[in-house]
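What TrEMBL annotates here:
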DOMAIN    1-74  domain 'tRNA methyltransferase TRMD/TRM10-type'
DOMAIN    114-262  domain 'tRNA methyltransferase TRMD/TRM10-type'
BINDING   Gly147, Leu171, Gly172, Asp173, Tyr174, Val175, Leu176  S-adenosyl-L-methionine binding site
Amino acid sequence: MRVDIVTIFPDYFSVLDLSLLGKARSHGLIDVRVHDLRDATTDRHRTVDDTPYGGGAGMVMTPEPWGRTLDAILGATAPDPLASPGVDGVAADDAPTDVAAPGVPSLVSHDDRERPLVVFPSPAGAPFTQATARRYAAESHIVFGCGRYEGIDHRVFEDTARRARVELVSLGDYVLNGGEVAVLAMVEAFGRLLPGVVGNPESLVEESHEDGLLEYPSYTKPATWRGLEVPAVLLSGHHARVAEWRHEQQIERTRAVRPDLLAGRADAAE
Ligand code: ADE
């Protein structure tokens, strides 16, 4: 799988050399290329931002360096008339529903699956979830564009939507200084789902969010530590009882901190 990341802070991504993802990169399972947006500037100061039209605080990232950088990654294809902004597209049955970038035409069709996916992290985006991570892990090429300041000139999303599928995605209801940390989190979340990245794929199955619940608490040796005992059922060797206890723990935990996840679940009825 190929991943391109556009940023004004390429150093943020040096950590992708570490741990499981680093190994996955060195084994060729994931090909990550980081692009410095400032390399596409033309002035002495390598400027990437300007004041917002209409006034207001902060600065907005200018479209030209983004256009040049994305042209180099995606190819400067002539605008597809069917996909030009303002023209309604046809949504396929399997079109993702959690992805439309506000103001960016949602133009997903079966042919679109062959167009690269370009993701802009933004607090104004659709929530990134485990389902999004699974969907990204099935892509062959994703480009991430890291915004800074008050965001990116909106025409960059519209222009990119002429030759790629564009998604604005949020990590959560809080504001980061830029998209870099969000991209690191997303790459880790989908990267570990790629075949061969996590040694024992079974460990992916029993995790938080895979079955819609938070995961159960885990214990290892010693059986007693600082006067605290491992729950007796886990030492019983009785697999069915262990499974039942773990499921109850999942429900209890989820009810305590994420009751929203339990809505409509028969196994969580009180
Ligand atoms: N950029 C700034 N805040 C963000 C957030 N919450 N999620 C994704 N990208 C962001």
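Each Cβ is built from the backbone N, Cα and C atoms, and glycine gets one as well.
Remember, TrEMBL labels are computer predictions, not curated facts.
Mapped onto this structure are the features recorded in TrEMBL.
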residue: Gly147; record: S-adenosyl-L-methionine binding site; Cβ neighbours (10 Å): 25
residue: Leu171; record: S-adenosyl-L-methionine binding site; Cβ neighbours (10 Å): 19
residue: Gly172; record: S-adenosyl-L-methionine binding site; Cβ neighbours (10 Å): 11
residue: Asp173; record: S-adenosyl-L-methionine binding site; Cβ neighbours (10 Å): 7
residue: Tyr174; record: S-adenosyl-L-methionine binding site; Cβ neighbours (10 Å): 7
residue: Val175; record: S-adenosyl-L-methionine binding site; Cβ neighbours (10 Å): 9
residue: Leu176; record: S-adenosyl-L-methionine binding site; Cβ neighbours (10 Å): 16
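Secondary structure from DSSP puts Val175 (S-adenosyl-L-methionine binding site) in coil. Among the binding-site residues Leu171, Asp173, Val175, Leu176, the residues whose Cβ sits under 6 Å from any atom of ligand 1 are Leu171, Val175, Leu176. Residue counts for the domain 'tRNA methyltransferase TRMD/TRM10-type' (114-262) under DSSP, split into helix (H, G, I), strand (E, B) and coil, are 58 helix, 27 strand, 64 coil. Look at the domain 'tRNA methyltransferase TRMD/TRM10-type' (1-74): DSSP puts its residues at 32 helix, 16 strand, 26 coil. When pLDDT values are averaged over the domain 'tRNA methyltransferase TRMD/TRM10-type' (1-74), the model yields 95. Counted over all residue pairs in Gly147, Leu171, Gly172, Asp173, Tyr174, Val175, Leu176, the record's binders of S-adenosyl-L-methionine, the longest Cα to Cα distance measures 17 angstrom.
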